[in-house]
Each structure stands twice: as C-alpha cells, then as structure tokens.
Amino acid sequence: MKYDLIIIGSGSVGAAAGYYATRAGLKVLMTDAHMPPHQQGSHHGDTRLIRHAYGEGEKYVPLVLRAQTLWDELSTHNEEPIFVRSGVVNLGPADSAFLANVARSAQQWQLNVERLDATALMTRWPEIRVPDNYIGLFEADSGFLRSELAITTWLRLAREAGCAQLFNSPVSHIHHDDNGVTIETSEGCYHASKALISAGTWVKALVPELPVQPVRKVFAWFKADGRYSTKNRFPAFTGEMPNGDQYYGFPAENDELKIGKHNGGQLIQAPEERKPFAAVASDGAEAFPFLRNVLPGIGGCLHGAACTYDNSPDEDFIIDTLPGHENTLVITGLSGHGFKFAPVLGEIAADFALGKTPSFDLTPFRLSRFSQ
C-alpha cells in the first residue's frame with residue numbers, strides 16, 4: 001500500500017500531524033521508535049506552558065494564536081481540559097530583552113498583557129518576592145497544556161479516523177526516488193508520496209546533516225500548599241534572574257509545584273547519555289536560586305525527571321523541506337519551546353501533504369539561514 005504521508009516520529013508534532021492529515025482525507029502512516037506518549041523525548045512531565053505575547057520573537061505570534069484556536073478545539077474531545085487558562089506572569093528586570101519582546105508582541109498583536117511593577121506584583125501574589133527593579137507582564141489569556149493527554153487524544157482521534165499507526169518500530173533508513181519516499185523499519189518497508197520527519201531529539205540519526213544539538217534537561221516538583229494553586233488564582237510563570245538564567249513553572253497541583261530551568265543543561269550525543277534525574281549532581285539544586293529568591297515559601301524537592309531539548313544553533317525552529325527532496329518536510333530544532341505550537345505545526349505538515357501553500361511566513365525557519 002502506498003500512503004499519502006508517512007510520519008517519522010509521533011510525539012507532539014507528529015501526533016498532531018497524523019490527526020490533521022487523516023482528518024483531511026489523506027492515507028497516513030504514523031511511526032515511532034517507542035509507544036507515544038512516552039518518556040524518551042520532550043513531551044512527558046504532564047504540563048507545558050503556552051504564552052501568546054512571545055518573548056522569543058514576534059514571528060511566533062501568528063503561529064501561537066492559531067495553535068491556541070486548535071488547542072481549544074482539541075479540548076472539546078476530552079472531559080478533562082487539555083488547556084488550562086491559569087494566566088502566565090513573566091517576571092524579570094525592567095530592562096530585560098525577553099520582556100521587551102513580550103511587550104512588543106503584545107502591542108503589535110493587541111494582546112491582553114498587563115504590566116505590573118514590583119509592588120503591584122507582590123500585592124497581587126503575596127507568595128512572589130522580587131527586587132524593586134523587577135516588573136511582571138501578566139497574560140491572563142495564557143496558561144498551560146496537559147502534554148501527554150494531548151498526544152493521547154491526537155493518537156486516538158487519528159486512529160478513529162482511519163490512520164495507520166506503527167509504534168515500537170524505529171525507522172532505520174529513509175530512501176527517496178521519483179515515486180516518493182520509502183522507509184525501512186523492523187516491521188518492513190513502507191512507501192508514501194510524502195514524508196514528515198518529526199523525530200525530535202535524535203533526528204540526526206536519520207538526517208546527520210541537520211544542525212541540531214541534543215541537550216539533557218531536568219525539571220522537578222517541589223512541596224507547595226494551596227496558596228500556589230489555580231484555586232487561589234496562582235498563575236503559571238516564567239522568571240529571569242539577574243544573571244540571565246531563565247526559569248519556568250506551573251501552579252501547584254496536589255501540593256506539588258513543577259519548575260524547570262530553561263537555559264543550561266548538558267550537551268549529549270546519544271540516548272544513553274540522558275541520565276535520569278539526580279544522576280547529575282546539580283539536578284536537585286538547579287531551581288534553588290529561583291525558589292529561594294522568588295518563591296521562598298516553596299518546600300523541598302519531591303521528585304524530578306529528565307528530558308531532552310533538540311536545540312538549533314539560534315534556538316529558533318527548523319521548518320523546511322530537506323535539501324534536494326521537496327517531498328520530505330522536516331520539523332525539528334524546537335529548542336525547548338515547541339510544544340505549545342504542536343497543533344499548528346501539525347496543521348502545517350498536513351497542508352504540506354495536501355500540496356497547499358502555508359498560511360504563515362515560514363521564511364525565518366528555513367535551513368538556508370544557517371548557510372548565510
């Protein structure tokens with residue numbers, strides 16, 4: 001059987017692409033080396049932030065606004081909401097370049113963002129402590145996503161729509177010819193007119209020339225009481241320290257508050273190098289500088305997990321066809337800030353398989369930027 005689209009890697013982007021392409025009437029085969037959702041990539045750990053006024057650059061705002069529409073639609077397919085509108089407060093020095101980008105994005109796209117000085121911040125959320133030179137930019141319409149629930153939902157909807165799914169079966173080789181794309185797996189060879197490579201951290205095992213660096217990252221859950229929960233209107237957050245370190249976190253659930261450090265981590269070259277949480281001496285203490293100074297009421301570390309970022313050289317996404325192979329789209333280099341975009345990236349992949357022109361300017365995400 002010849003498929004219209006083969007998806008290599010069915011984590012966040014691949015799961016979304018499988019659903020949207022199948023829903024559009026295409027014959028789709030989804031593949032994955034493991035059984036998604038799983039612990040081997042970048043989507044586990046239950047929750048991910050979604051921010052609209054984007055500190056990483058205005059070019060992302062149209063994408064994330066479309067993603068939000070798709071998240072809202074996906075949430076209707078579950079009794080438990082996939083998106084929780086907790087609000088997100090971005091904390092940092094008043095002269096922070098990241099916060100300047102947030103403010104600029106909000107102004108350009110007329111987004112609901114409130115600026116609070118240090119006193120106003122600590123009055124609204126007495127649990128937060130910041131220096132006098134800090135500000136907060138609060139996005140009331142943003143919040144967090146339940147990442148594994150989202151992937152489970154996409155997989156179920158795709159399967160119900162007739163999508164073929166081949167999991168626990170790594171792709172070993174990709175071949176291109178005039179008739180399309182052929183993949184080799186432990187279960188045999190499969191052929192399609194087009195392919196999406198959304199293999200996450202270890203994409204270079206299939207496409208060695210891609211400029212992607214795997215980075216081992218950790219996040220952890222700390223003891224917290226009801227003051228830090230959504231019931232008390234405590235928001236999700238990002239926080240920039242005076243030395244430039246960037247943290248992110250979520251409202252407490254079941255008396256546990258999850259937090260991670262966005263920058264840093266350990267460069268790795270193979271899956272076995274992604275050691276479990278606490279295998280690196282600094283893991284348990286990584287969040288201490290932020291907690292001690294900004295959230296001093298949080299208790300000790302309860303447990304943690306390791307994941308991986310697939311970093312591009314500039315930490316912007318890679319969304320492009322493979323050089324010389326216009327029938328193969330690669331989406332990678334999401335650099336630790338990609339999950340919130342998964343539905344719109346999946347929709348872009350489905351449009352690619354349908355032969356449609358993208359609805360967004362994807363020029364900033366082309367591979368050619370690295371050869372200029």
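Using the three backbone atoms N, Cα and C, a Cβ is placed for every residue, glycine included.
The FAD binding site annotation in Swiss-Prot covers 4-34 and is backed by sequence analysis. Every protein chain considered, the tally of other Cβ atoms within 10 Å of the Cβ of Ile8 (FAD binding site) stands at 26.
Here the Cβ of Cys307 (S-8alpha-FAD cysteine) has 22 other Cβ atoms within 10 Å, regardless of which shown protein chain they belong to. In this structure, Cys307 (S-8alpha-FAD cysteine) is part of a beta strand by DSSP. Residues or ranges marked as S-8alpha-FAD cysteine in Swiss-Prot (evidence: sequence analysis): Cys307.
Secondary structure from DSSP puts Val28 (FAD binding site) in a beta strand. Most Cβ neighbours within 10 Å among the binding-site residues Asp4, Asp32: this distinction goes to Asp32. If you take the Cα of Ser12 (FAD binding site) and the Cα of Cys307 (S-8alpha-FAD cysteine), they are about 14 angstrom apart, rounded to a whole number. In the three-state DSSP classification, Ala16 (FAD binding site) falls within a helix. Between the CA atoms of Val28 (FAD binding site) and Cys307 (S-8alpha-FAD cysteine) there is a gap of 28 Å, rounded to the nearest whole number. With a cut-off of 8 Å between CB atoms and residues at least 6 apart in sequence, the same chain places Leu70, Trp154, Ala342, Pro343, Leu345, Gly346, Glu347, Ala349 near Ala16 (FAD binding site), listed in sequence order. One residue stands out among the binding-site residues Ala24, Val28 for having the most other Cβ atoms within 10 Å of its Cβ: Val28.
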